[in-house]
């Protein structure tokens, strides 16, 4: 394993990296950083959670001239959440060197962003639409940019941003370095690379490694009407510390979050219709453990970098292998083991096999748990709580009362009563969920078309106006 010390980084960057607690590089960092420092174009096939932000962030910070007040690097990201998280990490990497980093994205007051742009940031991290808005207004100038990063390019393709990316790149100097990161490499992404990159070096994560070996992957074949009861039984048995439940639609996310709360779970939903303030509030509560279950759509969860997620539940099967890779990549991080469970209706088995073929990874079939098994799971949790109190708490104040109880009742009956009080019995409160139609097996789309369900609905196709 390569250490950052071996990469010949500046003292300023090394000090920042040490503050962040980094010592050894990840594979994507070990391969990408030296190439980037040599000003070579790089295509990195890597998903979120592999350390790719530092892989492009460290070279960017190294190459920024802080005495030059112009924008020198541009990172394009598909979502607001990813733009914020990337900018936060770049800020940490550049803190000692005093590199100014600014995120710009839709949903935030544009006048506030204009004021921030006047403070001369060195690095811009933004979503395609908002970057174009600022270029059109003349508030963002890119003529001094020497590095462009396209982060999660496949997701920008799925969201219909390819034309926007092409327009942005046409306003960046031809003499630049371009770094492109993508979990998958569909043809439109390859064409972007051919058109806008100069003899790029490919740093590739093999397909068999794409879904991360330390994630246990299971599927459950279950009818639509029974999915919610099965989900709550799994939650009772597995008792995840932090879990993400994925739904296919915004309506599904809202209904699932409400239904989970109705049954006594601390859950909140996140999707594109929420205000930015609400989304950030939900994410903060999830990171702090105030809620134990985050219910999310694919788009809302893109790029989320939340440590400690132990379980991912695909309540609705993902529409394509790329989404599956992104979803389960929320867990199994930093060397820890994660668990991914995918619910499949009988008519969606073909889609499951399509995902398995593409990721080159078989999911293990799991039998849907029964109500009795859910109760046993909660009993195990109650026993663990009881034993923890026995081992760690001072019980002397309670022992006299315990002795009096034992004079009147046998010990087994008393312990059973304690367990009953501590056990959260499975809740069968009726809930109402709108049924989602089964997902058909994804077919290869015709050249030039868009992936199923990914037509540009959020933004119209926009061109940059000349100045």
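Placed from the backbone N, Cα and C atoms, the Cβ positions cover glycine too.
Cβ neighbours of residue 51 (ATP binding site) (same chain, under 8 Å, six or more residues apart in sequence): 25, 26, 28, 29. Annotation note: residue 51 (ATP binding site) sits in a coil segment as assigned by DSSP. Per Swiss-Prot, ATP binding site is recorded for 46, 47, 48, 49, 50, 51, 52, 53, and the stated evidence type is sequence analysis.
Annotation comment: Swiss-Prot describes 457-467 as compositional bias 'Basic residues'.
As annotated by Swiss-Prot, domain 'Helicase ATP-binding' applies to 33-203, with the evidence given as sequence analysis.
Annotation source Swiss-Prot lists domain 'Helicase C-terminal' at 214-374.
Helix, strand and coil counts under DSSP for the motif 'DEAD box' (151-154) come to 2 helix, 0 strand, 2 coil. Swiss-Prot lists 151-154 with the feature motif 'DEAD box'.
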For the motif 'DEAD box' (151-154), mean pLDDT (0 to 100):
90
Surrounding CB atoms that lie within 10 Å of the CB of residue 46 (ATP binding site), all protein chains:
24
